[in-house]
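These notes are about the structure you will find just below.
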Amino acid sequence: MPSYATNMRLKFSILALTLEAVTIVLYALLVVYDTGDAHGHDGSHAESNTTHSMFQDVHVMIFIGFGFLMTFLKRYGFSSVGINLLLAAFGLQWGLLLQNIWHMHDGKIRVSIEKMINADFSTATVLISFGAVLGKTSPVQLLIMTLLEITIFCINEHLVVEILNVSDVGASMTIHAFGAYFGLAVARVLYRPGLRNGHENEGSVYHSDLFAMIGTVYLWMFWPSFNSAIAEPGDPQLRAVINTYFSLAACALAAYATSSLVEKKGKLDMVHIQNATLAGGVAVGTCADMDIQPFGAMAIGITAGVISTVGFKFLTPILASKLGIQDTCGVHNLHGMPGILGGLAGILLAALYIASRGFCYYQYGLIMKIPFWGQPPDQNCFDDSIFWEVPEEEEENEERLTHGDYSKNKTEA
């Protein structure tokens, strides 16, 4: 490829500075501090501290977790961490602006810690998509992708959460599934026939995998904050932390076990461990604040760990060879399929919740009406002999009394 094709001196600098200049102008016109006046209260000090703590955790996930997770490529570590920082820095500014166009007060967007957390969330979609095209795109392409993806994400999020009133507190669907399949679509459009059989640099070495594990551990530790940061304070937020905690733990064991099971010699594959151990956090996101109990969170985590590991082992090669989707980081397995699993779990739990609130008695009646349960026919109601061994003499006496009472009632009538 001619050297001028990858020379970024002018086009990258001009694009980056233009985007930042436009953003600054928009912030000057639209964005102010949130003093609490728009809501009529300032919020409790304890609640503020909790929100700030979770903001720090989410921030670490965005800049260290996602960044180092992608350093597994042996000659692409600079770009993995460095471009991650670039995209996140622009993405959080653009995301905060577009997410809150729908929530302006007196024509202004009021910046708060919660809005900054949501801005980090919008950036996460881009970083997930970045994983699908890692190593095959330029910073210029990625800045354009960030601009477009966050714009589409904000519209989609508003439609799903505000218009359709979908509960997705940990964003299994709106962030993880969206980011994964957006990235896969971009990867398909940018398909490189010359990379069909791989590339000499598309692999890891010992120390690059070790750096990637740093990202994994940071993400694993802070994922409970990611799933609970925007949950309602109190019990819902506590449930989100607990459910994510147990889902991740169960997922880790499932990922390790499945990795050993699918490898011929029973050895663990570092790719599986770096990624599939996190799938439980993705999958439990939608229903993180729901009353699913720890065992329910564990069940979701185990399922996510298994399907993610199996996806890395068997599905990723099929996507590349049959569909022309070269998914560098395997985002389909870490974010796509677990995101769908989380959405399905949320749908199921929401349906069960509605049933328990509105239709439970009717449903219980329908269940009990099934003939299989052995409901006695009309003529045998109020009769022990249907279900008990009754002495013959008692049966005869009861039969005479029954006939006598029946005849007496008939005569009186």
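We number each residue from 1, going along the chain as drawn.
Using the three backbone atoms N, Cα and C, a Cβ is placed for every residue, glycine included.
No curator has checked TrEMBL annotations; they are predicted automatically.
Under the heading compositional bias 'Basic and acidic residues', TrEMBL lists 399-413.
The feature domain 'Ammonium transporter AmtB-like' is assigned by TrEMBL to 23-355. Averaged across the domain 'Ammonium transporter AmtB-like' (23-355), the predicted model reaches a pLDDT of 92.
According to TrEMBL, the region 'Disordered' annotation covers 392-413.
Using a Cβ-Cβ cut-off under 8 Å and counting only residues 6 or more beyond its ends in the same chain, the transmembrane segment (12-33) has close neighbours at 86, 90, 93-94, 96-97, 104, 107-111, 138-140, 143-144, 147. The transmembrane segment annotation in TrEMBL covers 12-33 (among others).
Per TrEMBL, the feature transmembrane segment maps to 53-73 (among others). Same-chain neighbours of the transmembrane segment (53-73): 80-81, 84-85, 88, 92, 113, 116-117, 120-121, 123-124, 127-128, 130-131, 134-135, 201-204, 208-209, 211-212, 214-216, 218-219, 222-223, 225-226, 228-229, 270-271, 274-275, 328-329, counting only residues six or more beyond its ends whose CB sits under 8 Å from a CB of the stretch.
Long-range contacts of the transmembrane segment (85-104) within its own chain (CB-CB distance under 8 A, at least 6 residues past either end) are made by residues 16, 19-20, 23, 26-27, 30-31, 62-63, 66-67, 111, 115-116, 118-123, 126-127, 130, 139, 142-143, 146-147, 150-151, 153-154, 157-158, 162. Taken from TrEMBL, the feature transmembrane segment applies to 85-104 (among others).
What TrEMBL lists as transmembrane segment is 116-135 (among others).
Within the chain, the transmembrane segment (142-161) has long-range Cβ neighbours (under 8 A, six or more residues past its boundaries) at 12, 15-16, 19, 83, 86-87, 90-91, 94-95, 98-99, 101-102, 122-123, 125-126, 129-130, 133, 168, 173-175, 178-179, 182, 186. TrEMBL lists 142-161 (among others) with the feature transmembrane segment.
As annotated by TrEMBL, transmembrane segment applies to 173-191 (among others).
The feature transmembrane segment is assigned by TrEMBL to 203-222 (among others). Away from its own ends, the transmembrane segment (203-222) comes close to residues 57-58, 60-61, 64-74, 77, 248, 252, 270, 273-275, 277-278, 281 of its chain (Cβ-Cβ under 8 Å, at least six residues beyond either end).
Same-chain residues lying 6 or more positions outside the transmembrane segment (242-262) and placing a CB less than 8 Å from one of its CB atoms are 170, 220, 223-224, 226-228, 268-269, 272-273, 276-281, 283-285, 287-290, 292, 294, 296-306, 308-310, 313-314. The transmembrane segment annotation in TrEMBL covers 242-262 (among others).
What TrEMBL lists as transmembrane segment is 299-320 (among others). Within the chain, the transmembrane segment (299-320) has long-range Cβ neighbours (under 8 A, six or more residues past its boundaries) at 184, 196, 246-255, 258-259, 262, 269, 271-272, 275-277, 279-280, 282-284, 287, 292, 326-327, 330, 332-334, 337-338, 341-342, 345.
Feature annotation from TrEMBL assigns transmembrane segment to 340-360 (among others).
Tertiary neighbourhood of the transmembrane segment (116-135): same-chain residues 51, 54-55, 58-59, 61-62, 66, 69-70, 73, 76, 79-80, 83-84, 87-88, 91-96, 98-99, 142, 145-146, 149-150, 153-154, 157, 171, 175-176, 178-180, 182-184, 186-187, 190, 199, 201-202, 229-230, 327-332, 335, selected by CB-CB distance under 8 Å and a gap of 6+ residues from either end.
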